[in-house]
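What follows is a set of notes on a single structure, which appears directly below.
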Amino acid sequence: MIHNFNAGPSVLPKEVFEQASQAVLNFNNSGLSILEIGHRTPLFEDVMNEARSLVKELMMLDDDHEVLFLHGGATTQFMQVPMNLLNENEVAAYTETGTWAGKAIKEAKLFGHVEIVGSSKHTNYTSMPHELSVPATAAYLHITTNETIAGTQWHQLPYDCGVPIVADMSSDILSRVLDFNKFDLIYAGAQKNMGAAGVNLVVVNKNILGKVNRTIPGILDYRNHIKEGSMLNTPPVFAVYVAMLTLRWLKEQGGVVAIEAINNQKAELIYSALEAIPFINLPVAKEDRSKMNVVFTMDDPAKEAAFLQLCKEQGMYGVKGHRSVGGFRLSLYNALKMESVEAMLQLLQEFAEKNG
Ligand code: PMP
């Protein structure tokens, strides 16, 4: 049996793989593949509409918040956000919490001024900042809710910072209940909790748009995508379809409330097992640990090599830590089943007994 702990693209529900495969051969008994139908056909329009309305429902969004499925991954949002929200002479507040926040900051600097209002650089990104001082004049505050490489996550969200909040939720989207309406812009690549690579979700409060004075290329202006119902040009049809199936699956599981309870349980089990092993080091501050990406190292490179080999033999995929931090990373996204967590617990215990 295979257990997939990959950080992204990552595990998806088996039902989604089955339904998506079927749709490639014969979509909704149309005799056509999902890959060969026009995006403006009613067949596909239904997919896009259902995907957008499932996001609205699962995130309990109000009428000011628009749902878009766009190209270019979360990386495109690093520049599309400031292009749409930040004037050249204005300041945007950013939190500096790791690799992904760093990339967002770099791109924002191309469009205006960036002020770092909270940083965990001094802890080598093993914590999240807890005190932010956001200038009241900032165009927005940007946070990365879950740092996929560092294994940190915001647990107390800075809802009351006084300025619009923008969040990169790529690696924890729809994994826990948040007050999503308090965010003015949320973006997330789909390839972790929401589907296949090739599409990203953007949720935007339409009231914050139209305030910059630069000329925005048509394809990068959120207002055009809103006007066209996320069909300004040909959307990544298959990736949108897989996202729709994954959203349907999430709704069937009981939505975000239900999946959060399971995610909490999975993270709790893994962290306590790791804490109990003396030669394992958990670098992240306890209160800032990610429930999606668990990072750890061992006190001896030989043990790490042996555990990696054992994981390989036991069908545990994607457990190696990111090359920039080393060690291990277990990604516990929505679709990772409890049985995969249990299999990992057993393996860890056996390994600890032999090597303790
Ligand atoms: N933000 C975060 C938090 C991520 O984890 C990633 C990808 N792992 C990205 C942004 C970049 O996403 P993409 O590759 O879809 O551009």
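Any Cβ shown, glycine's included, is placed from N, Cα and C.
What TrEMBL records for this protein:
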type    : residues                                     : note
DOMAIN  : 2-343                                        : domain 'Aminotransferase class V'
BINDING : R40                                          : L-glutamate binding site
BINDING : A74, T75, W100, T148, D168, Q191, N233, T234 : pyridoxal 5'-phosphate binding site
MOD_RES : K192                                         : N6-(pyridoxal phosphate)lysine
Task: Rounded Cα separation (Å) that holds between A74 (pyridoxal 5'-phosphate binding site) and the residue listed as 'L-glutamate binding site' - done: 25
TODO: Please report the DSSP secondary structure of D168 (pyridoxal 5'-phosphate binding site), reduced to three states.
DONE: strand
TODO: Identify which of the recorded positions R40, K192 has its Cβ surrounded by the largest number of other Cβ atoms within 10 Å, counting every protein chain shown.
DONE: K192
Task: Listed in sequence order, residues with CB under 8 A of W100 (pyridoxal 5'-phosphate binding site) and six or more positions away - done: A74, T144, E147, T148, I149, D168, S170
- [ ] Using a 10 angstroms cut-off on Cβ to Cβ distances, just flag whichever of T75, T148, Q191, T234 is the loneliest among these binding-site residues.
- [x] T234
Open item on the list: If the criterion is a C-beta within less than 6 angstroms of any ligand 1 atom, which of the recorded positions R40, K192, N233, T234 pass it? List them in sequence order.
Closed with: none
Task: Local confidence of the domain 'Aminotransferase class V' (2-343) - pLDDT mean - done: 97
Task: A74 (pyridoxal 5'-phosphate binding site) CB neighbourhood, other CB atoms within 10 A - done: 24
Task: Cβ neighbour count (within 10 Å, all chains shown) around D168 (pyridoxal 5'-phosphate binding site) - done: 28
Task: Residue pair Q191 (pyridoxal 5'-phosphate binding site), the residue listed as 'L-glutamate binding site' - Cα distance, angstrom, rounded - done: 24
